[in-house]
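Student: Quick one: the structure is below, and I'll ask about it shortly.
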Amino acid sequence: MKKEGKSCIALFASGSGSNVQAIAEAVQTGEIPAHIALLVCDQPDAYVIKRAEQLNIPVFSFRAKEYASKAEFEQEIVHRLREAGVDFIFLAGYMRLIGETLLHAYRGKIVNIHPSLLPAFPGKDAIGQAFNAQVKIAGVTVHFVDEGMDTGPIIDQESVRMAEDETRESLQRKIQEVEHELYPRVIKKLLTEAVMEGITE
Ligand code: GRF
């Protein structure tokens, strides 16, 4: 659903929400032509919820264990997304594998950011994995979501060079800086490219 020519998007997160903040700021300045209709969060105590409140983003938070199955909580999420008119989903540190129910409802319209140069280091603690492997080039990937773990088609990537004296913490800071610039840029591109316009109508 379009609101005043803008796409309605939802953000999904589980943690601190620094990417949510970066995206919301790019929406506020008009750089991203979107309306953030909903934040979906599976950790009711996560800091991202405080950020969303400050940013005036409506929140749906839930505890997975209060539902009988993934299909059940995803049905509830799909219902909330439809109600809010959402046509694109951007995962920003959402620590759950997207299941069939959501994939079926939003096929080709779910995008994720992952802190490694995929297909290297999928899954949890990608930054730690890259650091421990002592790669010379680490990085960030934005990709479409499919049924696998960080396996969907790659949309864009940016590399981060490991310094001689790099620590796990300094690498994380560098990667997050890149994320906060790359993700808003890619979202803007996706929402404004003619091919996506057709999809979101
Ligand atoms: C980011 O590094 C993102 O790439 C990964 O989870 C992290 C979320 O960080 N998927 P934040 O909550 O946005 O600060």
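For all residues, glycine too, the Cβ spot is worked out from N, Cα and C.
Automated prediction, rather than curation, is the source of TrEMBL annotations.
According to TrEMBL, the protein has these features:
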type: ACT_SITE; residues: H114; note: active site, proton donor
type: BINDING; residues: G17, S18, N19; note: N(1)-(5-phospho-beta-D-ribosyl)glycinamide binding site
type: BINDING; residues: K70, M95, R96, L97, I98, N112; note: (6R)-10-formyltetrahydrofolate binding site
type: DOMAIN; residues: 9-187; note: domain 'Formyl transferase N-terminal'
type: SITE; residues: D150; note: site 'Raises pKa of active site His'
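Burial and contacts for the listed features, if you can.
Tutor: For H114 (active site, proton donor), applying a Cβ distance below 8 Å and a minimum sequence separation of six or more within one chain yields P122, A126, V140, T141, V142, H143, D150.
There are 18 other Cβ atoms within 10 Å of the Cβ belonging to S18 (N(1)-(5-phospho-beta-D-ribosyl)glycinamide binding site).
Take the CB of K70 ((6R)-10-formyltetrahydrofolate binding site) and look out to 10 A: across all protein chains shown you find 16 other CB atoms. Reduced to three states, the DSSP call for K70 ((6R)-10-formyltetrahydrofolate binding site) is helix.
According to DSSP, D150 (site 'Raises pKa of active site His') is assigned to coil rather than to any helix or strand.
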Student: Got a sec? Which of G17, S18, M95, L97, the binding-site residues, have CB under 6 Å of any ligand 1 atom?
Tutor: G17, S18
Student: I98 ((6R)-10-formyltetrahydrofolate binding site) has how many other Cβ neighbours within 10 Å of its own Cβ?
Tutor: 22
Student: Hey, how far is S18 (N(1)-(5-phospho-beta-D-ribosyl)glycinamide binding site) from N112 ((6R)-10-formyltetrahydrofolate binding site), Cα to Cα, in Å?
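Tutor: Distance (Cα to Cα, whole Å): 14 Å.
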Student: What does the structure give for the C-alpha distance between N19 (N(1)-(5-phospho-beta-D-ribosyl)glycinamide binding site) and N112 ((6R)-10-formyltetrahydrofolate binding site)? Integer Å is fine.
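Tutor: Rounded to a whole number, the Cα-Cα distance is 11 Å.
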Student: Could you give the mean pLDDT over the domain 'Formyl transferase N-terminal' (9-187), rounded to a whole number?
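Tutor: Mean pLDDT for the domain 'Formyl transferase N-terminal' (9-187): 98.
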